[in-house]
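Take a look at the structure below.
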Amino acid sequence: MHILELRDIHAFYGGIQALKGVNLYVDKGEIVTLIGSNGAGKSTTLKTISGQVKPKQGNIFLNGKDITSALPHETAVSGVAQVPEGRRIFPRLTVKENLEMGAFSVKNKKVVAERMEKVFHYFPRIKERLSQRGGTMSGGEQQMLAMGRALMSGPNVLMLDEPSMGLAPIIVEQIFSIIKELNESGMTILLVEQNAYQALQIANRGYVIQTGEILMSGQSSVLLRDDQIKEAYLA
Amino acid sequence: MLAEILHTLPQVLIDGLALGAIYAIVALGYTMVYGILELINFAHGEIFMTGAFIGTAILITLTGLGWIAVMPALLALLLVLVITSVLTGFIGMGIERIAYRPLRKAPKLITLITAIGVSFLLQDLVRFITEVKRGNYILTGPSMFTDRVEVKTSSVLSVFNDASFKESFIIVFVVAAIMMITLDFFINKTKWGTAMRAVAQDRDTSALMGVNVNKVIGLVFFLGSALGGATGVLFAIQYGTIDPYIGFILGLKAFTAAVLGGIGNIRGAMFGGILLGVLEMFASANLTLMTNGVFGAEYKDVFAFAILILVLLFKPEGIFGKVVMEKV
């Protein structure tokens, strides 16, 4: 059984059909990347999974359970964490409060404290900034905070929407190596990226999406060598 | 002239604090809802008024049953405050559920007009019920805490006159202070309070954190309306006579106080309310004197609102409103 599976998803976003029958799955422990150009339907796919966009047709399964009609907060509670595009840090909450919000559905305070320590392990810089307001941090720090916040819920699947967007190359390197590290410690990851080359470098498998349809899918190593992909996305 | 203003200053401050505390708590209701929905909930002044009527009705009933005579007055007050605030809290939540939530995605103006409609509905409903029950929509509750307390402020500074207040002033002020401190703590220090602030900043992302946004919005309406209703009770006790229209002008002023302090800002609303109350009482006591009789005390609102306009001209975001620099 796949941990996350999309079957024939059709969805509309802003009046246009953004997804036209997307099939996709993620297995436990994998990094799967969804690559494609601007407006191809990458973000809509993630939003459909998290419940922010309701599909017109098709089903979404989490651990075999149909979550197609779940509301965003229900999907979050059932184990899907999303790092949204543009990070969406709560600007006027402190860094600590941002992390606490990530663990909103966790009742046990001890678990929250443990998870926070774990977040500090991956992102030591967050620990130095706990009382600072989220909105005053740099883009790279906000990306780290957004990832840390998502980890606070203790998710089964971590979805990242364009984590490299707008960041300096050196920061992107760091972010990607942390994604890799997270995966090595057992986290299942669905990574949406425009930065196809870097995403395929760390992913097990990849899907290429174009105008709402999956154009191609397979092992990252295979996709990296594919001439068509090389020309369209890796140039 | 200055000496004469100083004579009355202690009394102005006492009366201003009582009125200001009432403005402040009603202002909290406006500012909380605005902060989370960007909606000016015009019905909030009517929630305050409904609270005043519910509270007075309970007091009249308790008096009729002969309970007030045997009960300590403070206990009776506490009982009335709790029952009223729970009821108005649910009324506020119900209004959100029925009238505002279906319009969540509609243009803001539509919801605003709906709020004005709800406001009229509550006014007429309260008027109707009161007229049916009492034959008159102006209601005077049993008098409580009416003993006057003298304050010998003249012994502090010889230029001051002595001041006095009804015992109810202490009740109003203490209850108001407790409500404000508790709310401030709740919003800043608890998990649900943090969720309220998070939803106010970014509703979609809050949902991704597992926060049930509708529940949080319902909670905001419950808290704002419970506080507003309790304040109505305080108002009825302090000023004695109420009618179904007290919520309109008071709501307008409380909203003004919220804007003055920086709309969406909790502490700003508290400060704005107190400031507006004191300014109004100051104008009421001194306008005739300051303008050589050209403007009488009845121009107090003009004075208070002129100050508001001045503040907003120089600080459009309000006194405590902050323009937060946000990096992308």
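For all residues, glycine too, the Cβ spot is worked out from N, Cα and C.
Those TrEMBL annotations? Automatic predictions, nothing curated.
Taken from TrEMBL as is:
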TRANSMEM  B:12-35  transmembrane segment
TRANSMEM  B:47-68  transmembrane segment
TRANSMEM  B:74-95  transmembrane segment
TRANSMEM  B:107-129  transmembrane segment
TRANSMEM  B:168-187  transmembrane segment
TRANSMEM  B:216-239  transmembrane segment
TRANSMEM  B:245-263  transmembrane segment
TRANSMEM  B:270-290  transmembrane segment
TRANSMEM  B:302-325  transmembrane segment
Folded-back contacts onto the transmembrane segment (B:270-290), same chain, C-beta under 8 angstroms, at least six residues removed: 1, 4-5, 8, 11-13, 15-28, 180, 184, 253-254, 256-262, 296-297, 299-301, 303-304, 307-308, 318-320
Feature contact check the transmembrane segment (B:216-239) with the transmembrane segment (B:12-35), CB under 8 Å, 3 or more pairs: yes
Interface-richest range of B:47-68, B:74-95, B:107-129, B:216-239, B:302-325 toward the transmembrane segment (B:245-263), CB pairs under 8 Å: B:302-325
Region pair the transmembrane segment (B:47-68) / the transmembrane segment (B:302-325), three or more CB pairs under 8 Å: no
Top Cβ-contact partner of the transmembrane segment (B:216-239) among B:74-95, B:107-129, B:302-325 (pairs under 8 Å): B:74-95
Residues from the same chain, set at least six apart from the ends of the transmembrane segment (B:74-95), whose C-beta lies under 8 A from its own: 29, 43-44, 47, 50-51, 54-55, 58-59, 62, 67-68, 118, 144, 171, 175, 218, 221-230, 232-233, 237
Cβ-Cβ under 8 Å with the transmembrane segment (B:302-325): same-chain residues at least 6 beyond its ends: 253, 256, 259-265, 267-268, 271-272, 275-276, 279-280, 283, 287, 295
